[in-house]
Every structure is written in structure tokens, then in C-alpha cells.
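Chemist: Take a look at this one; I'll ask things after.
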Ligand code: BG6
């Protein structure tokens, strides 16, 4: 990772440290930062969990998860000397007193200058309780900085998000709250802004005069796995659309910021999210499609229907797929549909943006047996990472027949080896205090308002689920959504 060496001493306290996220993402990312010399020797990490573990028990667990996720484990033992554990009951005052004592002693031992990061990798129902106790126990009263990092979901609708926000704001200011959306840590998502604003050739065309539609897809092959309990309360709309999908739309649609300062970038994102066209119930019926996977085949293996998954109701109406037409009511984008699509148990894992340009005003050329293709700009976010431009060129035969030509830039194998996990980027930003790639409360307000309008309309009628087979591109209605407008999903494009 090519980060500027910007060492910040800090105590990082992770609530939910024995959970899956901590083991799969947080500790491997922290270790990698340390290994790359992007984490200071003046760092201490306290893992907090309910279980009674000793430091040694916990270190052994963390060590084995790091070994599982990171290839090169040089300096692992040295890193482990920075890791501590404290058994903790989140609703018990005394636990916070013990945490305060441990924090103060580590602060002295590692010269942490009172800088404290509290990472809540736990169920959101505990967020408010924990932040209240952090304040009342004196843990947030520190001479250094205090920062709160929280995972989604942030509420389950606008009202609950507002309540939660009020609660955590009792202990932390907005600029001290880092709300994670891990898509914003992905290198190619961050690249959207760079491509748009550092190249003269895109920006003049980036509007309703030249773009016919933009497609944003995040499809997964995996099903709900062991998260049925959580997913039943969320579904694809709240799990993916409210955050990741709309964040990508915001980056594609925002105006150029006046500087790369976090406040300036976020101000532009807020502006565009405020222009999302909030849907009336009949618009939801015409513009949004929900789906749920049935059984089917993935890589030749038969897989279960969603309703047969663990902790999922046999008559569940939770959507595992959503596609829809998002409209942005502003001068630049009026009339350009942003089609978004996300689902589980689909044909392939792909996060991709396709920008489709309008046809030339008078087309004199043709492609054999076919309408001339539109120009496309394809941004591959995952698993392929790169950009391609699809053009029309002359076919090498007599006459003026054309053929599609593709210019592509793919991240090299060498670059790929150095690609870091989104969490590593984000943890580094938290330590630096750079909030650019985190979700501001104003962004959340607009995205919840938009998502609530869809959910409310859906609550009024029962879907006919399941409606797509596992291993496919989702329900037929999703294809009709585009074909009605004269477009198609660019499914197999790279
Ligand atoms: C998470 C969702 O935020 O994103 C998961 O809760 C989903 O349901 C995941 O699987 C997808 O992330 P990625 O990075 O694999 O596209």
C-alpha cells in the first residue's frame, strides 16, 4: 500500500472483537498496516468481548485468524504485543470502569497521547448503550482525539436512524463519527472520482446530453450463508441499496468538488443524494423490482432456495434481489436513468458500472445484421479491476462496415497483489482523521428517505416469491424494466 507515512499514536478499542468481522477483516487489516509501517509502534489494541478470555487466549485466536488471511506473517509476534483483551458486559457500568483503567495504563505504557478510537463491530442495538457509557465512565474525556467507528446498519428506516443518531451524538460530535461503508474503501470505487475529475475527456460528456443511462450492478454468487437471522430483518434493499449502491450512484453523479478536502467532497455527495427522486407508490411499482432466490445450480452444484436457509421463515417475503430505476432531479441528470441492481445467488460475482452513451446524432455506419453498438465506459470494481471503453471501428473488409473495438486497462497482476482490503484503507483513514470515505449523517438522511419510499410501497402488497432461480441474472421483471425504456442490462461485458 502506498500510503504516506503519517504515524498517529492511538488506542484502538474494538467492541465485538471475538466476532466474525474482527477476525476476518479488522485484525488482518490492522496487522497488515503494522507490517507496512503504516501503524505506529505507539498503538495498542483492546479487544472487547463477552467471553472470559485471558490476553494469551485472545492473542492465540487473533494470531490464527491473521495466519489464515494474510500470506506474509513477518513481524506477527511483534504485532501481537500490542493486542490486549478485556471481558466486558456492555450494559454494566463496572465494565467501563475497568476499561478506563486498562486504557489509561496502556496510554502510559505505549505513549498514546490520549488518542482513542472506539470501533463498534457489534449489533447496532448496542450502539447507543455503549456510547452513553463511554461518556458517563469518562472514557471519552481524553486529552487526545476520540473517534467512533460504526458498522451498518445505521437504523432500519429514517426514524430509527434519527433516534440512533441523536443517541450517539450525546457522546460524539458528527466529525468524530466514522460510519463505515466498506464499498467506499474499495480502490476502484475511489477511482470513480479520480477517473471523472482528473481526465479532460469524460467530464464534458458526463451529463444528460451525451449519456443515455448508467447501470450499477453488485451481484453475488453467495447466498445468505449463516446470516439468515440478520438478513430477514434487512433484505437487499436495506442491506445493499440504502448504502453501497446509492453511494456508488452519488460518486457517479456528484458535481466536481472545489477541493479534495473531505468536507468539500461530502458536500457534493450530499447535494446529489438530496436530489434523488423520492418515489410515489405507483412509481415504485413501475420502477423497482424485488426478487428472492429459488433453488438452482451454482457451478454445477444444486443450492437451496432462500426460504430453506437457516433462520429464514418458510414463507419469508424478504427480497434477496433488488433492481430499480433511480432518477436524479437536477440539471445535469434530468432524464438519465441510473439503473441499479443487486442480488444474492446470481450468476456471477461482479461489481460493475456501465456508462452507456447516446447514439451519434446522424449515424451513417452499420454493423452487420445489427444496430450499431452504443459507446460504453465500463468500470470494473470487483473481482476484475480496471476500465474499458467500447467504441466502433472500421472492419478490415471493403466498405464501411464497422465492428466493436475495446480499449481496456486492467489492473496488472503485480498491482493486484498489492491491492489492500477495503478495511485497511478505511482504518488508515480513521487514524488520520480523514472522513472522506465515510458516510455523513446528511447522506444517510437522504438515502433512508429514498429507501423508505420503496419499502412503504412494498409493504402494501405481497410479492410472489421465489421468483428467480439461483445462478441466474435475477427475475425477468428486471430485464423488462430496462427493455421498456429501450435498454438492456450489459450482462457479459468487461
Ligand atoms: C455487505 C452486506 O455490506 O456487503 C452483505 O451486508 C454482502 O450481505 C456484502 O454480501 C457484499 O460485499 P462485497 O464487498 O463482497 O461486494
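Each residue, glycine too, has its Cβ placed from N, Cα and C.
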Chemist: Can you tell which of 162, 163, 220, 268 TrEMBL lists as binding substrate with 182, 186, 239, 344, 349?
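Modeler: That substrate site, as TrEMBL gives it, pairs 182, 186, 239, 344, 349 with 220.
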Chemist: Looking only at the domain 'Glucose-6-phosphate dehydrogenase C-terminal' (194-490), report the model's average pLDDT.
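Modeler: It averages 94.
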Chemist: Using only the Cα atoms of 182, 186, 220, 239, 344, 349, which the record gives as binding substrate, return the largest interatomic distance in Å, rounded to a whole number.
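Modeler: That value is 20 Å for the farthest Cα pair.
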Chemist: Across all the protein chains here, work out how many other Cβ atoms are within 10 Å of the Cβ of residue 344 (substrate binding site).
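Modeler: Result for residue 344 (substrate binding site): 24 neighbouring Cβ atoms inside 10 Å.
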Chemist: Which state, by DSSP, holds residue 239 (substrate binding site): helix, strand or coil?
Modeler: helix
Chemist: Which one of these binding-site residues has the most other Cβ atoms within 10 Å of its own Cβ: 182, 349?
Modeler: 182
Chemist: Considering only the recorded positions 50, 89, 152, 244, which residue has the minimal Cα-Cα separation from residue 186 (substrate binding site)?
Modeler: 244
